[in-house]
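Features of the protein shown, as given by Swiss-Prot:
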type: MOTIF; residues: 15-25; note: motif ''HIGH' region'
type: BINDING; residues: CYS146, CYS149, CYS159, CYS162; note: Zn(2+) binding site
type: MOTIF; residues: 333-337; note: motif ''KMSKS' region'
type: BINDING; residues: LYS336; note: ATP binding site
type: DOMAIN; residues: 575-677; note: domain 'tRNA-binding'
Amino acid sequence: MTQVAKKILVTCALPYANGSIHLGHMLEHIQADVWVRYQRMRGHEVNFICADDAHGTPIMLKAQQLGITPEQMIGEMSQEHQTDFAGFNISYDNYHSTHSEENRQLSELIYSRLKENGFIKNRTISQLYDPEKGMFLPDRFVKGTCPKCKSPDQYGDNCEVCGATYSPTELIEPKSVVSGATPVMRDSEHFFFDLPSFSEMLQAWTRSGALQEQVANKMQEWFESGLQQWDISRDAPYFGFEIPNAPGKYFYVWLDAPIGYMGSFKNLCDKRGDSVSFDKYWKKDSTAELYHFIGKDIVYFHSLFWPAMLEGSNFRKPTNLFVHGYVTVNGAKMSKSRGTFIKASTWLNHFDADSLRYYYTAKLSSRIDDIDLNLEDFVQRVNADIVNKVVNLASRNAGFINKRFDGVLASELADPQLYKTFTDAAEVIGEAWESREFGKAVREIMALADLANRYVDEQAPWVVAKQEGRDADLQAICSMGINLFRVLMTYLKPVLPKLTERAEAFLNTELTWDGIQQPLLGHKVNPFKALYNRIDMKQVEALVEASKEEVKAAAAPVTGPLADDPIQETITFDDFAKVDLRVALIENAEFVEGSDKLLRLTLDLGGEKRNVFSGIRSAYPDPQALIGRHTIMVANLAPRKMRFGISEGMVMAAGPGGKDIFLLSPDAGAKPGHQVK
């Protein structure tokens, strides 16, 4: 049956750019990729995009801990994430970042439209403030007990146990993540998105029948409890986009994160030189289909805030949300101590990607059910299904075809009715892929594999091969087996991309969905090479042990400069702004009589002279060598009276001390008096 080609935009939830991809993440990306690959096989135009979610407090905090800028950290993390997804053959058309110019422009556009349409409200709120650090505490700077389900150790914006959202002030017994202090209340003006104005629209969207039943039921609970205005602003310090005309106020990460879907697609369109498609996919009356694959922990944001934001800013809403559950390993939550918190990169050091893709696919359905990765069952299932049923079907027939018939298949099918049984299954299997009933699709395919192997067992080509005058029968039987293998691999192509490549090389033909209607008759195949190797529990044991070792390494004491000289307590931007750093020319440098540590420096600030005592003598035994150098000094440090005179500032140097002191110098071109910003 010929299908009308559709235009489809598919996204996965944006991985947060402060940690590595693990097997929990991979469930979603594999699920989406299998669905996308099936859609492409059916001739649809699919754009599959993702990006790193690169803003927010956790990223800012982790970058501080690492002693690098947030920009540097998210850049390195993006490369790591893309390498992992490529390793699992996730076929993204584009992978971008929310920290991009496209995302900034779209975030500001959506905000301005919401504001123009009256959906942004300003009001002063009482906000938690850290009295020890002298700073307002954004959501992720606060932890406490969830006000809804009473789960402890939850962040200040949403509960990771029950999924509820709330303000940090609603937490029970809140504590500052930064200092551990009990926060106090301070007033601050914030911006709110008027979500209740969209209640009627959202309820109609819920009743449309498109959403999964479990999602629709959960949304109904939220409607019954009443929708609240949503705080979309955060106070500095915050890593993100500053709100236009609101100095010191930033878009909350959950405002610009879903806009990252649009930003990544805009980036893709720009790369293609296609200025039309973005509007075709995102305009209000778009006929393109838009699907978000997400985990059940972020349904609230995607089912309420996101469609309301789009509606209020005159963009189209998603066609549907495809929500999945969590991953457990061996029946329990992934555990670092047990070695079952497994990173994607660690997996690929021990197993191929197709094995996990197959196992997850075999267990997935359209429901929001958790998936258990039982490692022993994983080994048994991959060996039983991929190796014994599918690959073995090719290997047990290919030898005879290659050796006895120079790789040429028979000109007629030995059992046309059996072949028709296989091709007739395309409708049921295709519908299962389409509706995300992946487990059902795999069961149907494996049932066919059993039929194919039973046919070969009954025909016993190894016996026929020894009988005189039965060459034609042998060729027909083995050709039938190879044709059935071709159909099976075509059905499995969305799941097993690397095995498919090897199968296509052997079969000497591309596997296409419609192509199976015509069997390979009189066709020459290539010499058979091993398509897939068996796996065993020793590999699992090595994988688990490697994961444990990674945890130990991550928990090991910091070595190097940070171990001896850890990063100081966090300061606010206002604190830092008080320090006036200037470029200074060293006009003179000399020993200080009576001191074996100090040098007396005469500094020129471009019109003003300063006398500074600096404890760098051990590193610079010849002070004359410093004369004429430019350095950096703290110019507004209060003068300090010393035994040898008054020191009118401080020069900047790095290093642990002793002979390992390194005076800082600006790049060529900096002039005395220039401010360091």
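Residue numbers in this text run from 1 along the chain shown.
Each residue, glycine too, has its Cβ placed from N, Cα and C.
Sequence-distant contacts of the motif ''HIGH' region' (15-25) (same chain, at least 6 residues past either end, Cβ-Cβ under 8 Å): 50, 52-54, 56, 58-59, 62, 73-74, 77-78, 80-81, 84-85, 97, 326-327, 329, 334, 341-345, 347, 356, 373. The binding-site residues considered are CYS146, CYS162; of these, CYS162 has the fewest other C-beta atoms within 10 angstroms of its C-beta. Counting in whole angstrom, CYS146 (Zn(2+) binding site) lies 25 from LYS336 (ATP binding site) by their C-alpha atoms. The highest number of surrounding Cβ atoms within 10 Å, among the binding-site residues CYS149, CYS159, is found at CYS159. The Zn(2+) site, placed at the center of the C-beta atoms of CYS146, CYS149, CYS159, CYS162, has further neighbours from the same chain whose C-beta lies within 8 angstroms: PRO147, LYS148, LYS150, SER151, GLN154, GLU160, VAL161, GLY163, ALA164. Comparing CYS159 (Zn(2+) binding site) with LYS336 (ATP binding site), their Cα atoms are 22 Å apart once rounded. For the motif ''KMSKS' region' (333-337), DSSP puts the residue distribution at 0 helix, 1 strand, 4 coil. Each residue in the domain 'tRNA-binding' (575-677) gets a DSSP state, and the totals come to 7 helix, 47 strand, 49 coil. Within 10 Å of the C-beta atom of LYS336 (ATP binding site) sit 15 other C-beta atoms, taking all shown protein chains into account. Mean pLDDT across the motif ''HIGH' region' (15-25) comes to 97 in this model.
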